[in-house]
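Comments concern the structure below.
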């Protein structure tokens, strides 16, 4: 979308921007579509103005789609791996070396990694992601034997690596989990799904020097890795990895869109999948099944309550009937007693009358 600041009519130049400032209801500048809303493009997608709209540039995003909101998912088996090779590490190192001579604190503040990905697996141990350098440094994110997430940072080759386990629960549970790892200097921030947030302090604030490659899944190259990390690397990864991002690089997306590129090496079968959608549907089905179970339980409880109420009503009706019958029986007996007493009285009266008549006859 172009922006016209001046307009010439019949040789007269009009300053449209100045006139906009003087005209009520009109503002200067060309905000366009992208500046009107910050939520048009998602997940690091860049909004680009067009003459009749906008488009989202998803090249710096691990997501796809028109608004950079679609998961890019790939299914792995034990032999699958994706290796992204970084370009010109020496020139990058030269630039960093020249900049690092200024202030050491500024250098440590630039030492940062931003990692994000999602996964679903039932395998343990498993290798999720590893970043290696030409200087024997590495970062590894693995699932341990018990399925817990482990983050390994080996920044100083003469020291033991830092190991962090944000949660001890088993994440190899067949469900989707989202991981976010962010480092600035010595501070390491870890987020798992939506509810787990951790902060750790590394033993070193050193930068990754001469980054060589990033590998997803099985690691075939002989690396200077810890024994536990090496064991996980040899096992590879079986499951689905989705929307992997390391700083500005999206290796999984590059593997799908740039097959044959010298930057991406693919080993073993690698199939684009919709695990995230399938898992979401399964979760909905499980939620629906849980809702149906809840409804069944509620229906059972209601039925039991109605049955108990009916039984109680029947018992009460029976007791009232028996009580009414007992009262009726008592009334009948009372009537019979009264009738018997009246009969006895009549009989006795008759006898007295007979005696009196006999006595009259006797006296005569």
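Numbers here mean position along the shown chain, with the first residue as 1.
Here the Cβ of each residue, glycine as well, is placed from N, Cα and C on the backbone.
Note that this is a predicted model, so its numbers are computed, not measured.
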Candidate ranges 295-321, 322-348 [criterion: TrEMBL lists as transmembrane segment]: 295-321
Per-region confidence, the domain 'Laminin G' (1-30) (mean pLDDT, whole number): 64
